[in-house]
Structure formats: C-alpha cells, structure tokens
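Colleague: Quick one: this structure, given as structure tokens, is what I'll be asking you about.
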Amino acid sequence: MAQEEVNNVTVSQGVRMLFSLMTPNESSFATVQEVPKYVNQATPYFFGLILLEIILDLLKTNGRRIKINDFITSLSAGMMSRLPQLMMRSLELSVYIYVWNNFRLLELPWDSAWTWWLTFLGVDMGYYWFHRFAHELNILWAAHQVHHSSEYYNLSTALRQSVTQQFSSWAFYLPLALMVPPSVFAVHVQFNLLYQFWIHTELVKDLGPLEWILNTPSHHRVHHGRNPYCIDKNYAGILIIWDRMFGTFAPESDKVVYGLTHPIGTFEIWTVEFLYYPYLWQRFWEAEGISNKLSVILKGPGWTPGKPRLGDIADIPQITGKERPHNPAWSPAMQVYVVVHFLLLLDVYNHLLMDQMILSEMTVLLLTAHVLLSLTSLGFLIDQRANAAEMEMLRCVFIMALQRFGYVKPLVPLLAFPIEVFVLISAVYWSLQCVNQRTNRMKKQN
C-alpha cells in the first residue's frame with residue numbers, strides 16, 4: 001500500500017512537495033489517517049537530487065564537495081533516526097492529537113484555506129523556536145549536534161538526523177493543538193521538513209529578492225558554519241523572516257567552514273549519534289553546586305561558570321583558512337566494497353519501512369537488527385577500527401542466515417543468487433582477515 005502511494009505521486013507533486021508549493025486544495029484532509037506520508041513519497045526525489053548533485057560534483061575541477069565516508073555517515077544517521085517509528089507512532093503527532101482531543105479551545109475548519117495558511121505560519125514559527133532552543137539548551141543540543149557534525153555541506157547533510165531529537169521537538173507545536181485540527185498539522189509538519197532538504201547545498205549561490213523572505217541555501221550555509229559570525233544564526237525552517245524579526249539573522253560573508261567548533265573526527269554511527277551525552281553527563285557531575293549543574297543542562301553548550309548564558313564568542317576557535325575536514329585515506333577497493341554493501345542495505349531498509357505493516361514482528365525485529373548491525377560494521381570499516389574485520393565477518397554470516405531463511409530478498413529476484421555469492425565471498429574474506437590478524441598478534445606476543 002505504501003509503495004503504491006509513492007508510485008502514484010506525479011513528478012510535479014514530488015517537486016512541489018520539496019519546495020513547499022502544494023496548494024490547500026490538494027493537501028487538506030478531514031482525518032489524520034487520510035494524510036499521505038509525504039516524506040516517504042519524496043524519498044525518490046531525495047535520491048534523484050542527491051544523484052544529480054554527485055554528478056555535478058564529479059564534473060567540477062576545483063575540489064570535490066562530497067566524500068564517500070562522510071556521505072555514507074550522513075545517510076546512516078538518517079536511516080537510524082527513522083527506526084524508532086517502526087515501534088511507535090510519531091511522538092509529535094501522538095502528543096498533538098492527545099492535546100487536541102482533551103484541551104482544545106476552538107476547532108478551526110480543516111477545509112479552510114485560512115486554517116491551512118495559519119498552520120503553515122504556526123508550524124514554521126514553532127520550528128524556529130524549537131531550532132533556537134536546540135542550540136541554546138545544552139540538553140537539546142546533545143541531540144541536535146548530530147546534524148551539525150558533518151564538515152561538508154551537501155544534500156546528504158540534510159539527512160544526517162538525530163535519533164533522540166524527535167523526543168523533544170513536539171513541545172513547540174502544542175499551542176497549535178488548541179485550535180488547529182491534527183490532520184492540518186500533520187500535513188505542514190511534513191512540508192516544513194521537506195523544504196529544508198534542498199537548502200543543504202553549495203551549488204545554489206544567491207536567489208535574489210527571495211533571500212529577504214525565504215530560508216535559502218546561502219542563509220542555511222551560515223547556520224552550519226563554525227566561523228564566529230555563523231554561531232547561533234539563521235534558525236529558520238522555511239521563512240527567514242523569523243530570524244530577521246528576533247535578531248538571529250546573519251548574511252553569508254566570509255567563506256563558511258562547516259561542522260562543529262570541535263570536530264568529532266569519526267564516522268562510526270553510534271559515536272556520531274550519542275557521543276555528546278557522556279560528555280554532558282561528565283560535565284554535570286563535575287560542576288560544583290546544584291545551580292552550576294542545572295546550568296550545564298539548561299544553558300548553552302559554550303557556557304561555563306562566570307560566562308554569559310550562551311557562552312563567550314571569544315572562546316570559539318578562530319578560523320585560519322587552513323582547516324581541512326576529517327578525511328583519512330582508505331583504499332579505492334574498500335570504498336567500492338562499502339558502497340556496494342550500503343546499496344544492498346538500502347534495499348533492505350526500504351523494504352522494512354515501506355512494508356512494516358504487513359511484515360511479522362519477527363521479520364521486523366530481524367531486519368532492524370540487520371540494519372543496525374550493518375550501519376555499525378560499515379562505520380567500523382570506514383573508521384578503520386582494529387576490530388572491524390571481526391564485526392564485518394559476523395555481519396556477513398548474519399546476512400547469510402537471513403538469506404537462507406527467506407528474511408532478506410532483493411528487489412530484483414534475478415539478483416538473489418549473485419548477491420548471496422557476493423555475501424559469501426565477503427564472509428570468507430573477512431574470516432581470513434580475522435585469522436591473519438590473530439596470527440600476527442600471536443607472533444607479536446611470542
């Protein structure tokens with residue numbers, strides 16, 4: 001059913017979804033159940049634009065903006081961030097519906113264009129304040145910093161999302177639940193997310209007069225920068241007017257250096273997703289007194305005792321122009337291997353998300369384990385971890401077991417046997433690597 005819904009989207013609708021150009025007439029629904037899964041419908045357009053950006057990047061002669069290790073890490077974070085939805089409904093929508101059912105003050109008509117446009121503005125303003133708080137409250141930054149951890153800026157960066165961010169964003173939309181029907185909210189919360197995909201690119205430079213009203217690639221490049229002038233600026237979702245109104249706007253000027261002020265230097269997905277939480281916990285326990293402990297959590301990431309609430313901009317490392325993204329050398333053969341296995345994983349992941357309602361609980365559990373194990377193991381390979389060979393060998397054996405019992409089937413049946421052979425060869429190769437590594441360790445010990 002979900003796959004048919006995706007296939008029924010016209011090219012015009014798919015493009016307009018990405019740019020928030022859908023009209024009230026074609027996107028107003030009486031119930032939440034009728035609201036399409038626009039994000040799922042837009043997935044082919046995500047990958048279409050990503051492929052176009054990759055082609056244009058390969059044709060450029062002044063340095064590539066897309067690296068395989070960073071690219072796969074961003075996609076891995078996006079995949080992991082959506083896995084909780086297999087187990088539960090969207091928290092944003094669930095809490096919204098609860099507040100609507102029990103506390104609404106009035107009921108605006110779901111089929112009114114006025115309601116549609118009011119919700120458009122309300123959701124966008126709600127996103128602005130959520131996004132701003134995600135930068136200004138350390139406990140929320142722990143989740144949001146995942147999205148800023150890439151030192152590159154391309155369309156894949158848009159998909160680098162946090163697993164835990166969805167557990168806090170819902171609160172900022174609750175005022176709308178007092179009057180706006182859930183079906184209207186469910187439409188706009190998706191449109192707001194979709195719009196923010198295409199602005200993650202360096203290929204679009206300036207949009208002229210639209211720069212005054214809309215959030216554009218130029219404005220959002222500033223937001224992703226670690227230059228001092230970029231810090232805590234341009235929080236907008238769709239409309240940049242909120243930043244202009246509330247004093248957080250900054251135009252693009254000096255060349256933007258992307259990423260966190262203190263880069264994490266890893267491509268391992270669990271570290272990317274959860275690294276900040278142990279650091280925050282350590283700071284909490286080391287802080288003296290309850291006031292300082294609460295400040296560690298509820299003030300900005302740069303706060304320390306005696307400093308302003310958001311920290312001192314002078315403490316941010318200065319940009320020298322010599323910064324280089326973390327990009328350790330690895331062999332072309334390993335890059336091809338990781339890309340092929342990642343493409344096979346995308347097929348499994350797509351099957352899991354699209355058909356979850358008709359899959360057995362055991363199948364969902366096993367395929368989720370497959371996705372998590374694969375994201376972990378491929379991250380180990382990219383990071384060149386010492387135990388990557390053992391992890392990859394176990395992963396290949398697990399995939400062979402899933403293939404043997406029919407839990408994993410390729411989109412094209414004719415490819416089933418070649419894929420099984422490829423996984424078998426991979427398992428044998430990594431088994432030999434494990435034996436070789438153990439032999440070398442024993443020789444060193446002797």
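Residue 1 is the first one shown; counting continues down the chain.
Placement of Cβ uses the backbone N, Cα and C atoms for every residue, glycine included.
Curation plays no part in TrEMBL annotations; they are all automatic predictions.
Annotated domain 'Fatty acid hydroxylase' per TrEMBL: 117-248, in sequence order. The feature transmembrane segment is assigned by TrEMBL to 170-191, 334-352, 364-382, 411-432. Summarising the annotation, TrEMBL assigns domain 'Alkylglycerol monooxygenase C-terminal' to 334-421.
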Colleague: Top stretch among 170-191, 334-352, 364-382 for CB pairs under 8 A with the transmembrane segment (411-432)?
Modeller: 334-352
Colleague: Are there residues at least six beyond either end of the transmembrane segment (364-382) with Cβ under 8 Å to its Cβ atoms? List them, or say none.
Modeller: 69, 72-73, 76, 79-80, 83, 86, 267-270, 330, 334, 337-338, 341-342, 345, 348-349, 351-352, 356, 388, 391-392, 394-395, 398-399, 402, 407-408
Colleague: At a C-beta cut-off of under 8 Å, are there same-chain residues at least 6 beyond the transmembrane segment (170-191) that contact it? List them, or none.
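Modeller: Beyond its ends, the transmembrane segment (170-191) has Cβ neighbours at 17, 20, 22, 27-32, 34-35, 37-39, 91-93, 95-97, 99-100, 103-108, 110, 115-116, 118-120, 122-123, 126-127, 129-130, 133.
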